[in-house]
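Marked as active site, proton acceptor by Swiss-Prot on the basis of sequence analysis: His188. Marked as NAD(+) binding site by Swiss-Prot on the basis of sequence analysis: Val26, Asp47, Lys52, Tyr78, Gly92, Ala93, Thr114, Ala131, Ser132, Asn133, Ser156. For Gln95, Arg101, Asn133, Pro134, Val135, Asp136, Asp161, Thr162, Ala163, Arg164, Thr242, the entry in Swiss-Prot reads substrate binding site. Marked as beta-D-fructose 1,6-bisphosphate binding site by Swiss-Prot on the basis of sequence analysis: Arg166, His181. Per Swiss-Prot, phosphotyrosine is recorded for Tyr233, and the stated evidence type is sequence analysis.
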Amino acid sequence: MTAPQPHTITPPTPGSKIVLIGAGDVGIAYAYTLVNQGLTDHLAIIDLDERKTWGHVQDLNHAVPWSHHNTRVTVGTYEDCRDAAMVCICAGAAQKPGETRLDLVAKNTAIFKTIVGDVMSHGFNGIFLVASNPVDILSYATWKFSGMDSSRVIGSGTILDTARFRYALGRYFDLAPTSVHAYVIGEHGDTELPVLSAGSVAGTSIHHRLEMIGESADEDVDEIFVKTRDAAYEIIQAKGSTSFGIGMGLARITQAVFSNQDVVLPISTLLQGEYGFEDIYIGTPAVINRQGVRHAVELQLDSEEKERFDHSANVLRKVMGEAGLI
């Protein structure tokens, strides 16, 4: 597939109107967080199940009086994309028990081609936020199908994996997760990796803290990461889907965009030479502001981390090639 022809780069549509496409568990968790935090003045929800969507819209509107915000929630159509500041895509085939995120490629790429085409044909000029799996590949597909500048297409990437890892490390060190600064990068999936070499806990490097604990600490952290990586499978087995963690992560990205925060978050974005790769969406820290992705932040990886990142990127490249995206 040839590279997309970007639109002339103009400022994204102002305001805070959001069109949410896909009212499943993830989409509605995101919608509830938007209403609760007052991150949008108008949320339009599009889903194939119009009756259920109507029910969600009524339920969310009934939460507004206690939110201290004046959010309007409506059943949306693609016409709503014309003046939307953001379109968040949570639609697509869901991950089933025992199914990997990469197993969803063919089904969801076809779905996305239709969705993104409908969004763009209605004059959308905002920022895409992609949450459907496999998110790195579908973020790349959204960039290709839309013709948008890559800064306008943000994937949720490893924002949830990083949250899970920080939470677990916080429990291990008996500290609040907000005192843990460590990233999970790479594919949002089985080949992701933690970057311990650049991580810190309460201002001290993670490696130093582990040395203070003793020999068993490295094995403990390895086990923590494995549980982080495989958490989705266990949660899906238990309750059918993951929703609250990713809903909050999507809201955090939305806040960073609409508040022009220039904050570093672990998302999926296009690499343009970082880590030695180009033309691939993958999880990495990046600076987020009102224009979307200002730039990716390349972490300094040790040799083992670099080898694992290269493997993750090459796995994604192989699947993208098989799907006809590159």
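Cβ atoms here come from the backbone N, Cα and C positions, even for glycine.
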By a 10 Å Cβ neighbour count, the lowest-scoring of the binding-site residues Val26, Val135, Ala163 is Ala163
In terms of Cα spacing, which of the recorded positions Lys52, Gly92, Ser132, His188, Tyr233 are within 10 angstroms of Asp161 (substrate binding site)?
-> His188
Across the listed NAD(+)-binding residues, Val26, Asp47, Lys52, Tyr78, Gly92, Ala93, Thr114, Ala131, Ser132, Asn133, Ser156, what is the farthest Cα to Cα distance, given in whole Å?
-> 25
Of the recorded positions Gly92, Thr114, His181, Tyr233, which sits closest to Val135 (substrate binding site) by Cα distance?
-> Gly92
Would you mind pulling the DSSP three-state label for Arg166 (beta-D-fructose 1,6-bisphosphate binding site)?
-> helix
Of Gln95, Thr114, Asn133, Ser156, the binding-site residues given in the record, which has the fewest other CB atoms within 10 A of its CB?
-> Thr114
Distance [Cα-Cα, Å, rounded] between Val26 (NAD(+) binding site) and Thr242 (substrate binding site) | 7
Near Gly92 (NAD(+) binding site), which of the recorded positions Asn133, His181, His188, Tyr233, Thr242 can be found within 10 Å, Cα to Cα?
-> Asn133
Cα-to-Cα gap, Ala163 (substrate binding site) vs His181 (beta-D-fructose 1,6-bisphosphate binding site), nearest whole Å | 10
Protein Cβ atoms within 10 Å of Lys52 (NAD(+) binding site), excluding its own | 13
